[in-house]
Amino acid sequence: MDYRRKRRLTFFTIGLIFLLSGIEYAVILPTIWRYLQTLNAAPYFLGLSLSAFSFSGLLAGPLFGHWSDRTLTTKKIILFANVFEIVGNFMYFMGYSKWLLLCSRLVAGIGTGAGSSIFGFLTRNTAPEDRSTVFAAVMACRQAGLLIGPAFNIFLRLCNFQIGPFTVNKYTSPGLFMCLLWFLLQFVVLFMYWDFSPQDQTRQRSGVEQEKVEQEEEEESDEGKPLVGPNELTGSYGTVTSVQSRTSSVANGDVTHVSPPPSPPPEDVNSSPFKNFSVSSEFLREEVIVLLAAQFITLFNQTALETMVTPLTQKFFNFGELENSIMYCVCGVEVIAGFLFVRWLSKRVAERVVLAVGLILCNISCVWCLIFLANPQGGFAWQLAEFIIGVFLQVLGLPFVAVAQVSLFSKITSEKTQGFSQGIRRSVGGLATILGPLWAGGLTSNLYVMLGLMMGLLALLTIMMVVSYERLVEPVTVDSHTGTESED
C-alpha cells in the first residue's frame, strides 16, 4: 500500500478515535447526575466522578507520551489504551454502587492518555504551517462526537431490559454502548492505522522518480534513439544521468563531472530523544508557561461551567435527560462551526491573534455569566434567554483558544520529545478538569464565588498573554553551517 493511502487511513482512524471520545462524553455527561442519584450518592460525587476520569488521564498522558517518543510508535499504545476504555465502560454499565461508578471513570480515563502519543505523532508528520489546520480538524472530530452523542442518547433512554444479571436502562445503557464502540475501534486501529514517518514519504518519492527514469529510458531505447548523441546534456537539474550519456560525453571530448545527490546525514537509531533533554529549559520558559496557563484556565472554566449546567437546568428549567441532550447537541453544532472557522482563520493570521480573539470571547462570556446567571431575574422566558446567551458565548470562545494554544505549544517545544511534551500539556489540562468539577460541584448554590474565581483566572491569563505577546511565535531555527560561515 502506498504512503498516501496509509496516511489518509491513519488520519481517518485518528479522527475516529477523537470522535468516539466526544461521543462517550456526550452520552454519559447528561445522565451521570441522575444515575448517581439512583445510587443514593451525595451531590459532591458528581464532581468526584468527573474528576476521576481526568485524574487517571493526567497520570497516563506523560507515560504514554514518553513511551511513544522512545519507540516512535503509537499503534500498540492506542490498542493498549483502548482496553482500559472497554473495561471502564463495562464497569459503568454494571453500576452496582456509587463506588463502582467512580472506579469505572477512573479506569476509563487511563485510555485518554493515548491522546498525547497521537498529538506527538501528528506533530512529527505535519509541517508547521499546516499544524493548526490539522489540529483544528482533529478537535472538530471530537466536537462532532459531542454533536452525535446526544442523538444516541435519545434512543438509549428508551432501553429497559435485562441481560443476565445486568439491568439495561437509560442510565446503564451508555456504558454498554461505549464498551461496544471501543471494542469495534480495536479492529479499525488494527487494520487501518500505520506508524509511518516523513522518511517513508521521501523513500517512496525516490522510488517513484527512479521508476519514471527507467520507463523513460526504456521508451527512448524502443524508439531507436542512438546510444551516442553529440549534443547530449548531462547533469541537468532534476534528471538522472545514465551510463550511456556519460559514455557519449567522454567520446566527444566533453567530460562533465556529475556529482551524486547529497546523502542525508546518518542518524544514530539507538540514540534517545531525551539525550541532553532538560525539563527546566524546555518548560520553564515564559511562552511555554503562558500556553500551559491558557490550557489550565480555559479547561478549568469550561469543566466548572459544564458541571454547573446540569444542576442549574434542573433547578430553574426542570430539564431532564432529553432536554440536556438536545442542549449538548446544539452546542456541538456551534463548536464544530467554530473549529471550521478557526481552521480557515489560522491560514490567514498568526496563532497568537487567534488566541487573543478566543480570550476576549471567554472574558465576555464570564462577565455575562457573573452578571446574569449568578442570580437570575425575571420570568422563565427571560431566565432561559440569559442562560442561552451565556452558554453560547462560552462555547464560542473555546475553538479559538484550544487550537491556538495546541498549535503554538507544538512549535515552541522540541519535536523529538513531542509525545512527552504533549503529555505534560494534557496533564495540565487534566488537572484543570479535576479541579474544575470539584470547585463547581461544591458551589452550585453560591455562583458568585464560583464565577468570581473563574473571572479572576481569566483576567490573570489575559495579562500574561499581553505581556508575553511578542514571544508567542515559532522560534527561528538557524542553520549551523550558515552560522559558522557568518562567524568566519
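Using the three backbone atoms N, Cα and C, a Cβ is placed for every residue, glycine included.
Unlike curated entries, TrEMBL annotations are predicted automatically.
Taken from TrEMBL, the feature domain 'Major facilitator superfamily (MFS) profile' applies to 10-470.
What TrEMBL records for 42-65 (among others) is transmembrane segment. Under 8 Å from some Cβ of the transmembrane segment (42-65) lie the Cβ atoms of residues 29, 32-33, 36, 77, 81, 98, 101-103, 105-117, 120, 303, 307, 310-311, 418-424, 426-427, 430-435, 437-442, 444, all in the same chain and six or more residues away from its ends.
Residues or ranges marked as transmembrane segment in TrEMBL: 77-93 (among others).
The feature transmembrane segment is assigned by TrEMBL to 99-122 (among others). Residues 14, 17-18, 21, 24, 32, 35-36, 39, 41, 45, 48-50, 52-57, 59-65, 67-69, 74, 77-78, 80-85, 87-92, 131, 134-135, 138, 175, 182, 195, 406, 410, 418-423, 425-426 of the same chain lie 6+ residues outside the transmembrane segment (99-122) yet bring a C-beta within less than 8 angstroms of a C-beta in it.
Among the features that TrEMBL reports, transmembrane segment is placed at 134-155 (among others).
Within its own chain, the transmembrane segment (175-196) has Cβ neighbours under 8 Å at 3, 6-7, 9-10, 12-14, 16-17, 20, 23-24, 27-28, 72-75, 78-79, 82, 85-86, 89-95, 104, 111, 121, 125, 152, 156, 163, 168, counting only residues six or more beyond its boundaries. Per TrEMBL, the feature transmembrane segment maps to 175-196 (among others).
According to TrEMBL, the feature compositional bias 'Basic and acidic residues' maps to 204-213.
Annotation comment: TrEMBL describes 204-237 (among others) as region 'Disordered'.
Feature annotation from TrEMBL assigns region 'Disordered' to 251-273 (among others).
If you look up TrEMBL, you'll see 288-305 (among others) marked as transmembrane segment. Listed as Cβ neighbours of the transmembrane segment (288-305) (distance under 8 Å, sequence separation of 6 or more from its ends, same chain) are residues 50, 54, 282, 355, 358-359, 362, 366, 369, 391, 394, 398, 401-402, 405, 408-409, 412-413, 424-425, 428-429, 431-433, 435-437, 439-440, 450, 454, 457-458, 460-461, 464-465, 468, 471-472.
Marked as transmembrane segment by TrEMBL: 325-346 (among others).
Sequence-distant contacts of the transmembrane segment (353-374) (same chain, six or more residues past either end, CB-CB distance under 8 Å): 132, 294, 298, 301, 305, 312, 342, 345-346, 386-387, 389-390, 393-394, 396-405, 408, 447-448, 451-452, 454-455, 458-459, 461-462, 465, 469, 472. Per TrEMBL, the feature transmembrane segment maps to 353-374 (among others).
Taken from TrEMBL, the feature transmembrane segment covers 380-403 (among others).
Sequence annotations record features per position, and here TrEMBL assigns transmembrane segment to 424-441 (among others).
The transmembrane segment annotation in TrEMBL covers 447-467 (among others).
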For the transmembrane segment (134-155), distant same-chain residues with Cβ under 8 A (at least six beyond the ends):
14-16, 18-27, 30-31, 118-119, 122, 126, 174, 177, 321-322, 325-326, 328-329, 331-333, 335-336, 339-340, 342-343, 346, 399, 402-403, 406-407, 410
What residues in the same chain, six or more past the boundaries of the transmembrane segment (447-467), come closer than 8 Å to it by Cβ-Cβ distance?
289-290, 293-294, 297-298, 300-301, 304-305, 308, 352, 355-356, 359, 362-363, 366-367, 369-370, 373-375, 439-440
